[in-house]
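**Q** Okay, so TrEMBL annotates it like this:
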- 1-18: signal peptide (SIGNAL)
- 31-400: domain 'Glycosyl hydrolase family 13 catalytic' (DOMAIN)
- CYS55-CYS63: disulfide bond (DISULFID)
- ASN146, GLU190, ASP203, HIS238: Ca(2+) 1 binding site (BINDING)
- CYS179-CYS192: disulfide bond (DISULFID)
- ASP234, GLU258: Ca(2+) 2 binding site (BINDING)
- GLU258: active site, proton donor (ACT_SITE)
- ASP328: site 'Transition state stabilizer' (SITE)
- CYS472-CYS511: disulfide bond (DISULFID)
Amino acid sequence: MRLSAAVLAAAAIQAVSAATAEEWRSRSIYQIITDRFAPVSDTAPALTSPLPDDCDPGQQTWCGGTWRSIIDKLDYIQNMGFDAIWISPVSRNIDVQTPYNYSYHGYWVNDPTSLNPRFGDSDDLLALSDAVHKRNMYLMVDIVVNNVPSLDNTTSQTADALVADDSFWQDPSYFHPICNIDYDNQTSVEYCWLETTNVSLMDVNTENAYVISTLQSWITSLVSTYSIDGLRIDAAKHVPGTFWPGFCGAAGVFCIGEVYTSDIGFGAEFQTEGWMDSILGYPYYYGLMDAFSVAPMGNMSSYITIAQSVLNSFPHPEYLGNFLENHDLARFRNLTVDPRLGQNAMVAQFLFEGMPVAYYGQEQDMAEGSRDPYNRAALWPLGYENGTTTELILRLNTIRHKMIEQNMTWNGETYMDARSSFIAYTDYDVAIRKGPIISVLTNRGSPTQNVSFGVPSTGWARNEAVVDLLTCNEFATGSGGSISVSYSADGYGGLPYVFMLVSDARTLNICTNDEMGILSGTAEVPVGAASANFPSTAMILAATIGAASLALL
């Protein structure tokens, strides 16, 4: 469906009212590549023929996922506690074979104003939007503004070449002249082409008045027509920042940009300069990788330094999107085979400032995929089964959502408004206080070690009854409100913990009285106990995380 000029013009006049950054910040997001998330079915017939018998990501071709097939699996997403989905671009792509094969991913947009028939038509996208909203979930759509693919590898940018490419933009003045990017020069990053060979990605001239007005009219209409709640903006740093306020204002919804950088100061400019609401948290991602990826005993101090700098630099770190993997990066479990490192990293991903963003398959521990295209395998061969990681995600989403919904406070601050503080740390361990919870993380890995990590002052009083929300094991604080986690018991090395007062947990109904009662006699410590070790665990992580070995001193 191509939107007519009249529709675009009318849509530009309409005021769009949709979900704001404040409304988005409580959400938990599940990222989908439409072609790879869910297969064809009786209710989601194939729109591509023929389809391969096996979806080999190395072949870089369509495997059949559509907007209708996403509807089929919304239960799966919602049952993990997610209340928003981010889908890959919906606009029409080039539809021919290239040196990189086919545009199954959706990012080679040559006409933003038309829908991609490989994924569905207007009725299909409306049906997905309606199905999402009936579940009180939000819909985020990926958009590509910065570049348009060219099949003319002479990169001549003539009007005839643009017409031959069937490009929406058919005047050479709508593009910047060809040049290769110098990533040490931000002007070059904004004006030069992302790719100049194989599939050339021509850089759109977003200073051109016609381009600006056309894109603003289009995004107003797209958001309004399909009731889109938020936009993920591809390659946001490759467009001058001054373009984005008008564009996002025309959209009228939350905008989060891809700013692929480890430079915290540069990333923060998107908020401090008012260019857009937020960005995906690449700087925080690099801190997580330093601490928890590849092998145990990583650089915890780097994580702490980066995380603190993120808090200090971004006016609204709660709007950031926190991830461990995505379609451009290696799968986390491809880098890290120790599941305990992954469990600690996920606690840091879900419970730190920002919105957790899980890439489809993270919950299934998808490990194939050191890079594009192998990190884009189909999900359906894994069967959408529940396992330890899906259960951990559900528990983390539950903890986060219930604290937000109930406005649970500590020292007068809610979980959402409180800033994380690093209240104790070693080279391999860290305790993070955020409102009513304390997360204790380690990168020591699964092997047991005859060591303990002490938190001298939690902010709680002595003999306070506390509970680990991941296992529902109940303990008591020691002198000065201290806690000490031991990693010495067989099989109990490297566990993450999320502590909360028992009274608060009962108020939130996270760990119920029945759950705690089941553990009494093996894992429950009476209030006032000086110390204890616990040889058993229960609840959500019992299958692989095992028992909590904890001393509360």
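Glycine too: its Cβ is placed from the backbone N, Cα and C atoms.
Small disclaimer: the values here were computed from a predicted structure and weren't measured.
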**Q** Spatial neighbours of ASN146 (Ca(2+) 1 binding site) among the recorded positions CYS63, CYS179, ASP328, CYS472, CYS511, defined as Cα within 10 A: which are they?
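**A** Near ASN146 (Ca(2+) 1 binding site), where near means Cα within 10 Å, there are no recorded positions at all.
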**Q** Among the disulfide-bonded residues listed here, CYS63, CYS192, CYS472, whose Cβ has the fewest other Cβ atoms inside 10 Å?
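**A** Minimum Cβ neighbour count within 10 Å, taken over the disulfide-bonded residues CYS63, CYS192, CYS472, occurs at CYS192.
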**Q** Given the recorded Ca(2+) 1 site (ASN146, GLU190, ASP203, HIS238), which additional residues of the same chain have their Cβ within 8 Å of the Cβ centre, ordered by sequence?
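**A** Going along the sequence, the neighbours appear as ASN147, HIS176, VAL189, TYR191, CYS192, LEU194, VAL204, THR206, ALA235, VAL239.
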**Q** Looking at the recorded positions CYS63, CYS192, ASP234, ASP328, CYS511, which ones sit with their CA no more than 10 Å from the CA of ASP203 (Ca(2+) 1 binding site)?
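**A** Among CYS63, CYS192, ASP234, ASP328, CYS511, the ones whose Cα sits within 10 Å of that of ASP203 (Ca(2+) 1 binding site) are CYS192.
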**Q** Specify the nearest of the binding-site residues GLU190, ASP234, HIS238 to CYS472 (disulfide bond), where nearness means the distance between Cα atoms.
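**A** Smallest Cα separation from CYS472 (disulfide bond) among GLU190, ASP234, HIS238: ASP234.
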**Q** Check the Cα-Cα distances from GLU258 (Ca(2+) 2 binding site) to the recorded positions CYS55, CYS63, GLU190, HIS238, CYS511 and tell me which is shortest.
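**A** For GLU258 (Ca(2+) 2 binding site), the spatially nearest of the recorded positions is HIS238.
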**Q** Which whole-number value in Å describes the distance between the Cα atoms of CYS179 (disulfide bond) and HIS238 (Ca(2+) 1 binding site)?
**A** 13
**Q** Provide the three-state secondary structure of CYS192 (disulfide bond) computed with DSSP.
**A** coil
**Q** Please tell me which one of the recorded positions listed here (CYS192, ASP234, HIS238, ASP328, CYS511) sits closest to CYS63 (disulfide bond), measuring Cα to Cα?
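**A** Minimum Cα distance from CYS63 (disulfide bond) across CYS192, ASP234, HIS238, ASP328, CYS511 lands on ASP328.
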**Q** Pick the one among the recorded positions GLU190, ASP203, ASP234, ASP328 whose Cβ has the fewest other Cβ atoms within 10 Å in this structure.
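**A** Among the recorded positions GLU190, ASP203, ASP234, ASP328, the sparsest Cβ neighbourhood within 10 Å belongs to ASP328.
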**Q** Between ASP328 (site 'Transition state stabilizer') and GLU190 (Ca(2+) 1 binding site), how many Å separate their Cα atoms?
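**A** Computed Cα spacing between ASP328 (site 'Transition state stabilizer') and GLU190 (Ca(2+) 1 binding site) is 20 Å.
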**Q** Restricting the comparison to the recorded positions CYS55, ASP234, HIS238, CYS511, which residue's C-alpha is spatially nearest the C-alpha of CYS192 (disulfide bond)?
**A** HIS238
**Q** Which one is closest to GLU190 (Ca(2+) 1 binding site) in space, judged by CA to CA distance, out of the recorded positions CYS55, ASP234, CYS511?
**A** ASP234
**Q** Taking the Cα atoms as reference points, how far is ASP234 (Ca(2+) 2 binding site) from CYS55 (disulfide bond) in Å?
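**A** Given the Cα positions, ASP234 (Ca(2+) 2 binding site) is 25 Å from CYS55 (disulfide bond).
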**Q** Count, for each of the disulfide-bonded residues CYS55, CYS179, CYS511, the other C-beta atoms lying within 10 angstroms of its own C-beta, and report the residue with the smallest count.
**A** CYS179
**Q** Taking the Cα atoms as reference points, how far is CYS55 (disulfide bond) from HIS238 (Ca(2+) 1 binding site) in Å?
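**A** With the alpha carbons as reference points, the distance is 32 Å.
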